[in-house]
Amino acid sequence: MSFEELGLQAELLRAIRAQGYTQPTPIQAKAIPVILNGRDVLAGAQTGTGKTAAFTLPLLQLLEGRSGGRQPRALVLTPTRELAAQVGESVATYGAHLNQRSAVIFGGVGINPQIERLRRGVDILVATPGRLLDHAGQKTVDLSRVEILVLDEADRMLDMGFIHDIRRVLKLLPQKRQNLLFSATYSDQIRQLANGLLHQPEMIEVARRNTTAENVSQLVHLVDKGDKRRLLSHLIRAGDWHQVLIFTRTKHGANRLAEQLSRDGILSAAIHGNKSQSARTRALQEFKSNKLTALVATDIAARGLDIDNLPHVVNFELPNVAEDYVHRIGRTGRAGSSGAALSLVSDEERKLLKDIHRLLKREIPVEIVEGFEPSPSGAPSVPASVEAPRRPRRPRNRRRGGRGNQAKAG
Ligand code: AMP
């Protein structure tokens, strides 16, 4: 399935190509044609599935064919400012070659610039419910021309107690409109909301991503940052690994690691957004056909990758966002085959590891590899069952700021 086959127009395809996406994610493949057809949609999809593009792309296309005034014709409601900002960015990115005007409004920041922005005219408005109602109350926004409504992360909006706000917003919209409801979970409350809101919706569901497959074994190796590359080469060689997908956080880091591994005699290539499509395709083909042992990728570059029976995934660095961990390791253990996901975690990344544990609702076993013991700088929260170098306990009432030279980061 390609983006072209989904019926998207050239300007959008161009923006998609610029993002380096090679193929639609499952939610995109399912939702885009349905939305383009004007249908209401109830979509079960979590962050990381590509859901934002799944509604943003068709939204842009639908509006492009219609003429508009100054009032918003599409309204996207999100639970948080962060999500609103993110969706706003996606609208700008995917709509780069179209003429839609978009704005993002949320609380906690000055209202006047938003009023000014709204006055200039907006086609696509992304907003959190509270601030949107403030504007509606002050008559600085007119929602009577909204043709398409999107509720993004509807379950979170309900969790955050926005149901009344949502209902108040709904009253300000025209009766006839297209409604898209995205939610990671289906509670009774969501069903209720959907029933009252959606008109003969198409139900679209993609696999939950925050649960990791049981056939994937997960392990953390605590190691000093500076020793990671050496440890990785050691593991690949000692384990006689033939196919390992390695994640780094940056494009630069991916390049450097692929070069270093190659110098260690492990055939490697990097794929990321700065590589040409042909270079990426070639690297992937060589990796799939076992000509390369290691493929080093950034999260974005790895999104569209589908590799059968991939046995090893390594997080050379933990992702900043815990959900990305799940996506990364979801590359292995597909279709019932077994896989191993290994994370090399340095002292600086302990908070990220904690976030992942919270998301998974369990702890990943930790092991320290002989010869690669982390230096005793901080005290990692290693489960008791794991052998780690013992460290002196910290005094309980350590005075804040007592360690004079602990500079504040950033
Ligand atoms: P979302 O689920 O909307 O939060 O998207 C998660 C991430 O996937 C974002 O960083 C997008 O840029 C990226 N993404 C969305 N669609 C695709 C695609 N078709 N191929 C690769 N990456 C994508």
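Just so it is clear, glycine is given a Cβ too, placed from its N, Cα and C backbone atoms.
A TrEMBL annotation is a machine prediction, not a hand-curated record.
As annotated by TrEMBL, compositional bias 'Low complexity' applies to 373-387. According to TrEMBL, the feature compositional bias 'Basic residues' maps to 391-402. Per TrEMBL, domain 'DEAD-box RNA helicase Q' is recorded for 1-29. Annotation source TrEMBL lists domain 'Helicase ATP-binding' at 32-204. As annotated by TrEMBL, domain 'Helicase C-terminal' applies to 218-376. Annotated region 'Disordered' per TrEMBL: 370-410, in sequence order. The annotation motif 'Q motif' is assigned in TrEMBL to 1-29.
Across the motif 'Q motif' (1-29), the DSSP tally of helix, strand and coil residues reads 17 helix, 0 strand, 12 coil.
Averaged across the motif 'Q motif' (1-29), pLDDT for the predicted model comes to 94. Counting residues 6+ beyond its ends, the domain 'DEAD-box RNA helicase Q' (1-29) has Cβ neighbours under 8 Å at 36, 43, 45, 49-51, 53-54, 57-58, 60-61, 64, 93-98, 204, 206-207, 273, 277, 280, 300-301, 303-304 in the same chain.
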